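Copied from TrEMBL, the annotated features are:
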- 21-45: transmembrane segment (TRANSMEM)
- 70-93: transmembrane segment (TRANSMEM)
- 123-144: transmembrane segment (TRANSMEM)
- 176-192: transmembrane segment (TRANSMEM)
- 204-224: transmembrane segment (TRANSMEM)
- 331-419: domain 'Cyclic nucleotide-binding' (DOMAIN)
- 538-560: compositional bias 'Basic and acidic residues' (COMPBIAS)
- 538-577: region 'Disordered' (REGION)
Amino acid sequence: MFVAVMVPYQLTMDAMDRRAVVPIFFIVVGILCEVAFVVDLWFSWHVRESQESMELYDQQLRSVYKKERMLWDILAAIPFYDVLAVLGCSSWFKLLRCIKIFNLGSYFNELNRRSIANETTSFWHVWMGYLLVIYWVACAYLAVSMDAGFGVEWEGWLPSQELVISDPQNPSSSQLALRLLRGLFFAMVTFVKKAYCPEPETASLYAFHIGVSFVGLITMSYVIGELASLFISYIGLEVGFRKNYIAVELYRARLRLSDRLKARTYAFMTSLWSSHAGVNYEELLAEMPRAIRTSCVLQVSTKPLSWFVMKVIAPVCWEESHKMDEFTRSVAERLRFECYPRDESVVTEGSIVRAMYFVIKGHLSMQSRSLLDRSVGLRNGSYFGERGLLGCTISAYTVRTVRACDLLSLSSEAFVQVLQGHLFTRLALKSDELPANVEGMCKALKTAHSCFEAFAPLHHIMLATDPLEWHASFNTQNSSTLSLPNALEAADNSGLRAQLHQTWGSCKTGEHGMDYYNSDRELLDYIRSDKDLCRRVFPEKHQELPAEDSSRTKRVREGEAQPVSTPPRPKRTRKGG
């Protein structure tokens, strides 16, 4: 592009053959462009084709280059005008360097091959080409004027004598500016036809004027057509969205839906357009290559996904760090994009847990009638729905959107595939197998508290209990106190292996959507509530734990108004029987 601008300028306005800072700078840049032409020719000739290049370009690069671009590159790279200048020929042969402009389209395609903003980029390319043609016509007009002679008045077809440069070694900046503006005025008149244009004086000038007018007409037609196509392509998303919206409206009218369901549908369509311009991002991600799609998902879900892996998977991964990265990429490959409007339920209390969600945009509120006294807010970087993901658990929470949200969902089937695809997670799911470095793991997890903190998050995902039974009462007669930490610390490796794979009870929810226990006391309260669980955790004792009052059991007793010792239910009898 620099050569296409500077060569006509040197031929028609300023030769720049004087010793000054600005001319020397432009001459040096021109020499560098000549070197770049030669390097480009050598590089394009030595390009080697491969399977990856065929997949990217869908054509044979070397064959296409020989047919379409090689001739123009040779004419632009070989300095014919230097040889001809020695022989005393005209300097107009320098225009051969501008012939490389025919390859401009292929260069633009290569630069924008991985660009997403195709409409905007194409818009600027069209305008760049249009202005370049106008500039060339202006330079051609000045060249014809130099050959035919300048006129005597400003209103004539030829420029005035005032534009003649009296001293080429020190041209006036005002004269150079007037020459450029006079040429651009002629080019705009012939292209747009919206200004006064005097008649040429000779037949040759008439022929030149007619030819330039025809070129201007063709150029304007091309530019208008390209801009119209870009505009249609730009509004294509809106047109498609409006068509789908009309189809949804007709469908709603035919089914006679309730006003509440109509309002929910309208809110979803409005949110889809206002937030995403009607674009289904999941379809776009599905069309991308696997590696690019995974990178995009990792980019937008770095915070919640890394937090989930650190809390749930990192404690059971005693391998190298790259194993964690591979696991994270495996999870990202199976995430699906979902968007929800305001005041819409993502998870409903009492429904079966089928997926967990990572929040990448928006604000949600998590509530529970049985576990939470007040709602918990979830924002960007949070995740929820992981409890009981692999056990078809009934959800104990209701998660509703406070604002429009963008979420990434991970289904239980996809998560199982990820766990089975990695050695350390596949072995951690089995009760009779542990990784090879179990010795180091047992040394690091010295206490029951550290052992529980390491393995509880993963087992919460595997939990398959009914949350409606979390506040069950239990019998405390003939029971003695037994310390849970002491019992766990006294167990051997086999007991530890069995205890680590038990299903431990309910929990609370933190600010990042992560489940946890506040203390061993709460865990003790829950284990005390289940006889079978007590026998599995304490196989040697076969006895129940004492029913000590905790905040959770107190709430249960106050709500149920039942004694701690539940008597057997009497048999029902018929009246009069």
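Every residue gets a Cβ built from N, Cα and C, even glycine.
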Three-state composition of the domain 'Cyclic nucleotide-binding' (331-419), taking helix and strand from DSSP: 11 helix, 37 strand, 41 coil
Residues from the same chain, set at least six apart from the ends of the transmembrane segment (176-192), whose C-beta lies under 8 A from its own: 12-14, 134-135, 137-139, 141-142, 159, 162-163, 165, 209, 212-213, 216, 219-220
Segment-level pLDDT (mean, integer) for the domain 'Cyclic nucleotide-binding' (331-419): 88
Contacting positions for the transmembrane segment (204-224) when only residues 6+ beyond its ends and CB under 8 Å are counted: 126-127, 130, 133, 137, 140-141, 144, 148, 157-158, 187, 190-192
